[in-house]
Structures are given as C-alpha cells and as structure tokens.
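So the structure is just underneath, and the comments pick up after that.
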Amino acid sequence: RWFIAPPGGFYGVNWSLLFNTFFWNINFWESAACFSGEVKDPSRDYPLGMALAIGLVFITLFVPILVATGASSRPYTEWTDGYFVDLGRQIGGPWLSYWLMFASAVSNIGMFEAEMSSDSWQVAGMADRGILPAFMGTRSAHDTPIYGILLSAGGVLCLGWMSFGEVVAMLNLLYCFGQLIEFAAFLHLRAAHPELPRPFRIPIGTVGMGLLLAMPTVFIGVVVYFSSPLALGLSLLLCAMGCGMYYLLVLAKQRGWCDFEERHLHDEYKVDINFSPEPEL
C-alpha cells in the first residue's frame, strides 16, 4: 500500500499539515546548546550525541510509519488520534497496543521535560547576561531556574485552547523567525568575534556556513508559505509583543525600575588576547 496514491492525488494531500508536522518533528536541535554548561566535554560529546540522536530519531519516526502505512487497510484520511494503538492491537495483539501507549506517554513526558528545561535555562541565561531582569535568573536549592520553569509551564497552559495542528503551525512560525535571527547572529559572531573561544566550532568557514544555511532558509520560506492565517496572525502578534518587550526592558534598565546584571561579551567568555581561532576551511 506504500505506492497507492491518496484520494485526489497530489491535491488530496493536506500539504500545510504535512509540512508543519514534518518540520515540527525535526526542529529544536539547537536547544541542546542550553545544556552545554552541564556537559564536561561538549566539543567531544555534542557531535557524538547529535549523530546518535539523528539516527534514533530517524528510526523511531520512519519505522513505525512504514509499518503502519503498509499494514493498515484504512485510508490515511480516516486515521484519528490514537490510531497507532488500535493498529498495534490488530498487528500484534493487546501487548503491542499497551506498549505503544506506554511509549507515547514516555515520549510526550520526555519532550515536555526537554522543552521546559531548554526554555527555562534560556531565560536564566538571558537574566545572567543582563537581557532580562536579574530576578529572572533566580535558582532554587537544586540550582534549577525557578522563573524560567514557571514561564515555560505558563506558556504551555496558554496554548491549551488551540488544536494540535494550530499549535504546531504557530510554534513552527515562531521557530522559523527565531531560526533566521539565530542564523544572522551566528554569521555575525563568526565574522565580528572570531577570537572568542568556543566549546565547539563548526569546521567550516564563514562563507561556507552562509552557503550551507541557504538551504534551511529556503525551507523556512516554504513552511511560512503553507501556514494558516490564524497561525501567521498569532505569530506576528507575538513577534510584535516581543519587540515591544525589548524596548520596555531597555527603558526599565535606563530608568532603574529593576536590577540587571552588567556583563559584556568578552568579559563573559574571558577572551585571551593570545588566543588564535582555528583556521577556517
């Protein structure tokens, strides 16, 4: 059944949902950088961890879908939430359906924990670097960022009124805008601050990285093109609120409304004037 065309052929595919779901399943890899301070040797462990993670993600996504689409007698348009559990019962019996249910629960918990942890440490890091008020970097007795966790959990609760497809589409758009900013910041830091020591340095020159980032930038444009008006409107509204928040924080720092950490980029990384960056390829 893998080569049977869907009803309606090319136009019978919900391309917006397909692209958004596909993009959502393979993004947020850079969130691992938020935990670099907890890793003993990131220059060695991160490439190894990423290689293993990419292999595992490919297997866990490709194999179940391959089996499900090949074994299911129902057209994919009739698949509903939880259909993999029903299909597992048909293929392997009750034990497989229970295992799929358990694996799905563990996966959801793991994704929530990973997202909350990375978001909360980003908030704490922004506070430590003077971007957010200093109190946002407050740690608990276990050295976990309190306000970052509360903000992350609050954001999840605020999205509870939206459907899964709408949440995915909106998060993808915000992620796309964030990725463009990250790409620009990455290239700028490469060119403007090559002397900064880095836990891990991508072994490609600045020009090569610019060419390499062209492909994901084009794909980002495709995702934006297939976005729904609701997701696009909410994303633009949140982006506007973020820009307004930036100027509000600048005003708060100038007026002394709250305390901010005073740190500079070179002080943060303790740059050695004798440090010579790796040669670019």
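Cβ coordinates come from backbone N, Cα and C, glycine included.
Automatic prediction, not curation, is the source of TrEMBL annotations.
Over in TrEMBL, the protein carries these features:
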- 16-195: domain 'Amino acid permease/ SLC12A' (DOMAIN)
- 48-71: transmembrane segment (TRANSMEM)
- 146-164: transmembrane segment (TRANSMEM)
- 170-192: transmembrane segment (TRANSMEM)
- 204-226: transmembrane segment (TRANSMEM)
- 232-252: transmembrane segment (TRANSMEM)
### Query
Same-chain Cβ contacts of the transmembrane segment (204-226) under 8 Å, 6 or more residues past its ends?
15-16, 19-20, 23, 172-173, 176, 179-180, 183, 186-187, 190-191, 232, 280-281
### Message
Across the domain 'Amino acid permease/ SLC12A' (16-195), what does the mean pLDDT come to, as a whole number?
### Response
85
